Every structure is written in structure tokens, then in C-alpha cells.
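A.B. asks: Got a structure for you, questions after.
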């Protein structure tokens, strides 16, 4: 009798756990009042709004990196550096300058560590150029890219996206231009991200029938 009761209790607990783990609109994520346009390539777009000085963004890095390695082929991940204050602007320029040079992914984790672990001073172009040069990036090419009109335009665009996506904190993940995930622990953010990307895939598959 006790064994049967114990088994029923285990089943009930597992069922309850499954229910509580399901993403809930208004609690685990929100939905934009005005959905934003997504790429025409047909992929499910995931945006991460982040800042290198943000410790919570740094905490998300391992889990997001692991998810990125296993994400479906029809899903894309794009990083958007956030400028909530003037002191963060150099890092937005740094991100896009490295992107132009094809070096962004190489130094992404290193920049997080510089800000959140070693607390390296990276506020001026001279400091940043020296930092990236120590990691194999041509110093002059980086400085030229940093000052370029192309990078300036990208930073302006990223600031505009803060308004259109109603970003209020970092890290924030946006799925398919409409679902917003923020304010959760790193693993919970990834759990909800998986669920929402799967939901979008099912929605698109249903429309094709």
C-alpha cells in the first residue's frame, strides 16, 4: 500500500514539475505589442540584446554558447550591443568593428572576461586597440574600422532597436520579432528560448499544410 502511494506521489510530483516548467506568457516571457520584421531568409531569428559590462550577460554566455552549438539549422542568432549609458558606447563600437573584420566571435568571450573577471580598463579606443592587438587583431585595421561610417551606422541602428523592441534591461532575448525573454536565470532563459523557437517552428509548419 505504501509502495503504491509512493509511486502515485512520484507521478504527481513529476506531472506538477512538467507543468511548472512550461513557459508562461506574462511570467517567463512577454509579447511585443508591435512585432518587428524578421529576415526574409525564412530562418527563425533570435536576437540577444547584451552589453559586455553587464554581469548577467556574462553569466548567460556559457548556456547561450551551448544552445547556439545545437540550435536547429533554421534558427539564427544575432547579437545586438546595448548602449544604456555613454560609458557603454565604446563597447558597441568595438563589437561592430570586430564584426566588420570578421573577428567578433573570436574575442566575444574575452571581452566579457575583461569586463567582469579581470576588470580591464577598456574605455578609450587606445586601450581597446591594444587589448585586441594582444589577441591577434591588426591594431590599425581595428582603429580604422572603429572610426568608420559603417560601424557608426551600425551603432546608431542598435540604439534605434532599443526603442523599437522596447528593451529595458540586459540580457534580453527576442524570438521571431515578437517574443521577449528577460529577467530570468540563465538556464531558465535558455529553457524558454528552446520552447518558443519550437513553438514558432510548429506554427510555420502548420501554415504550410
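Cβ from N, Cα, C; glycine included.
According to TrEMBL, the protein has these features:
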| type | residues | note |
| --- | --- | --- |
| DISULFID | 54-57 | disulfide bond |
| DOMAIN | 10-198 | domain 'Thioredoxin' |
| SIGNAL | 1-22 | signal peptide |
A.B. asks: Which residues in the same chain, at least 6 apart in sequence, have a Cβ under 8 Å from the Cβ of residue 54 (disulfide bond)?
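C.D. replies: In sequence order, 82, 170, 171 meet the Cβ cut-off.
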A.B. asks: Cβ-Cβ under 8 Å from residue 57 (disulfide bond), same chain, 6 or more residues apart: which ones?
C.D. replies: 50, 51, 112, 170, 171
A.B. asks: Suppose you look only at the domain 'Thioredoxin' (10-198); what would the mean pLDDT be?
C.D. replies: 94
